[in-house]
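In what follows, a single structure is set out as structure tokens and then discussed.
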């Protein structure tokens, strides 16, 4: 047996221990839509690495040749396995899930018809909470003072003698009409409805009339020529754009008037007049 070399026996080199950090293989999360719009397009690149190979080193195999030669083949006695019969299995019956039925389509509730109240002389008319922008049509066969006011918008009509005209209510924030007060010397009719039901339609943006009115002007003009003839009282025009909601007082004059004013159509317009008036896109 050879003697060990000086310094002790030689230890075979061990396998180096390499550790590979796992790499994420899933897709990167998408950025928020708002961030995408504001910040632009972000490019994400995913890098993947393969596995590392670990090499192992081992010493010489000192197998004893005599022991290998003396190990003779062994013959195992044959055994016969008894046949087994699998017990029959019965699959449990499955029932199909009940079919779901789609809910019946719902139809929007029809818009209530305009409220029509008739009377004579002074009265207080309660109409409940009117939360939406509405139009009031009032007619009176009167011979003296004719006054119509609401608890939400204040004074609407103040005339002498007979009257027929339209006013809007609940336009301003905080305005909520629940009742009207009427002062009249004759028979009157009060009608309350939506803008679609009672406002005068002018799809081309051109309109004409006499007295108080509420209009829905169509078209796409940005200005309008407005006139007032044969009137000697206040001539007042308010207009609000149906696209932006912006607007306000356009005209506040006494008697005749003719001029061009900024008016962005389509628009909702209220006119106070005692004469004949016209509106023409300019």
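For all residues, glycine too, the Cβ spot is worked out from N, Cα and C.
Just so you know, TrEMBL annotations are computer predictions that nobody has curated.
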| query | Looking at the ranges 62-120, 121-179, which is given as region 'Disordered' in TrEMBL? | reply | 62-120
| remark: Range annotated transmembrane segment in TrEMBL (choices 35-57, 196-218) is 35-57
